[in-house]
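According to TrEMBL, the active site, charge relay system annotation covers Asp101, His165, Ser490. Per TrEMBL, domain 'Inhibitor I9' is recorded for 11-72. What TrEMBL records for 93-539 is domain 'Peptidase S8/S53'. Residues annotated as domain 'Subtilisin-like protease fibronectin type-III' in TrEMBL: 596-693.
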Amino acid sequence: MGDRPTGKFSATSFHTSMLHQVLGRSASDHLLHSYHRSFNGFVAKLTHDEAQRLKGMQGVMSVFPNGKKQLHTTRSWDFMGFSEHVKRATTESDIIVGMLDTGIWPESQSFSDENFGPPPKKWKGSCQTSSNFTCNNKIIGAKFYRSDKKFSPFDFKSPRDSEGHGTHTSSTAAGGLVSKASLFGIGFGTAIGGVPSARIAVYKICWFDGCADADILAAFDDAIADGVDIISISVGSFSAVNYFEDTIAIGSFHAMKKGILTSNSAGNSGPDAASLANVAPWTLSVAASTVDRKFVTRVKLGNGEVYEGISINTIDYKGKMFPLIYGGDAPNRTGGYQGSNSRFCSLGSLDEKLVQGKIVLCDELNDGFGAATARAVGSVMQGNDDRDVAYSFPLPNSYLDLYDGSKIASYLNSTSIPTATILKSTAEKNEFAPVVASFSSRGPNPITNDILKPDLTAPGVDILASWTQASSPSEGDPRISPFNIISGTSMSCPHATAAAAYVKSFYPSWSPAAIKSALMTTATPMSVEANSDAEFAYGSGHLNPSMAVNPGLVYDAGELDYVKFLCGQGYSDKNLSLVTGDNRSCSNSTNATVWDLNYPSFALSTKPGNNTTQVFHRTVTNVGSAVSTYRAVVYTRPGLMIKVQPSVLYFKSLYQKQSFVVTVTANVGKSVNMISASLVWDDGVHHVRSPVVAFVAPPTND
């Protein structure tokens, strides 16, 4: 995407003219959308040959297909020590959070505009009021995007949310206080967003079939021009792609140029290594972790024994016992299934005549539709999968480990009339929290190894927040609820979004990099013992919003710093322009190594068993006490030597900058593949912490 030309400029006429040159005929029917508010580009219907001709025209920076991205789907704020009573800036109501998601359910109590004044004067957006959708002084703007104009009958042709995801993320970030919130009595308490006084601007980019790249760019274009302060996008590909091919990286770069930080989800492809989806260094990449509350679902057998599993079960059978059957004993033989198949209870594998009205014991974790379509009344699943996340199912269900599952199987075989019931889920204390969720995508960074990603982690497991009234909280359940409990880095992202907005409310002039640095360097360190992937799982640590407003020092960076970084990555001038949107080129003066990007963390990839030394250059800006002295404190482990020069930084005024050099020598791979350490700048009040990680570089595909 190119920069928008200055002065009078008719984007539609200009883009139509370009298409006319390519097509040799009228082009108005081929132009689907013009980006013109924040950058210059368009979406068009073209054949492959036509796209190639357009690509070869002078002034065209890039042409790429309109791909699809996917969504990365109360107690959490209190768990972080960030209650509704935390100190707040009087300007919080001037903060506008741009939510790029599935839309919003405006009638939710979380979005009431009671006691809100008119929108901030800086707001330049609008509200698309189609399909009975209206905005208010809380939801001050809303738009929807569908470049191909293909709408499902299940979607609203408006910013209204039919899926629930966008309502959930919006209320997590900036929803107002709602008392007595729960999912059919589960998770009962007060629901509130991180910045409840902030305004919400909605950009609906995701539909029944995903989130189109063309629509993502259109939303960025509008959000930047509308005047949002923070952008939140819980969306991404299944794996990371090069920055110049990534619409989120491109859109967020333009946002960064205008002083807007983009917070995005790290991805849900964990615990595989290098599975991150969003890794651009100018964005905040957020992993997902647990809170100190978990939901358990107990199974009671006819012999009185009770076993504890994991799930979200909102159905209360009030102790009623049902016949219990093993899925392997109920194969749908007319459908070609044997017991060896039906034991997993997959869709169509069970004999309805044998299963109807019973609880089924299944040998794996699945979506529960196999038992539901066979008209069972519940299912008990057993397996070795991680049990750190409670999922909802179309029927009462509980997921047990293999040990307890074997006990139930033994009982089932010990009596001629086995019975069981599944109890309604209850909330219990999770004493091991926070731990990064098994589904949360892991590093190392697959695009730029030596930029540590994710940046930090935040609550993303079993999060209660508002929900659409257009669909059930769980597929197959006809009931409607104003709240739902779901998990994903989609849920952790709006927590970090809110924390960034909170910092912005105190320091409106801070750059995106400064805000990001404040969040990272004040994050709470996490246990390597509880998180075997260490910084590749949690980055700088666990989000701590109340500390982030007083970071002491920040690692700042701007557009030129990121251009130097891209040049140092070997990007051609053309590929550079795809990200930056202008015609600048790389030269000796704009060529910097990845280790010189002023990032709040340090990462070094090495070869196994080799001594590797790398020098990092950093600059910090004083935002704490005007006159202060910071001393470097290094915490390291065998195999990793860290030298800081100078080791003491003296400041005489606010916003004064001081530079230092970190030399890291690592020998990794003889017994471990990764060594974690940290550098802390300490003035006795502030502890500005940065992780230092050395690791064996993953093999390349060359």
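Each residue, glycine too, has its Cβ placed from N, Cα and C.
Keep in mind that TrEMBL annotations are predicted by a computer and have not been checked by a curator.
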Given the model, what does the mean pLDDT over the domain 'Peptidase S8/S53' (93-539) come out as?
95
Cα of Ser490 (active site, charge relay system) to Cα of His165 (active site, charge relay system), in Å and rounded, measures 8
Summary of DSSP states over the domain 'Subtilisin-like protease fibronectin type-III' (596-693), given as helix, strand and coil counts
1 helix, 62 strand, 35 coil
Whole-number Å value for how far His165 (active site, charge relay system) lies from Asp101 (active site, charge relay system) (Cα to Cα)
7
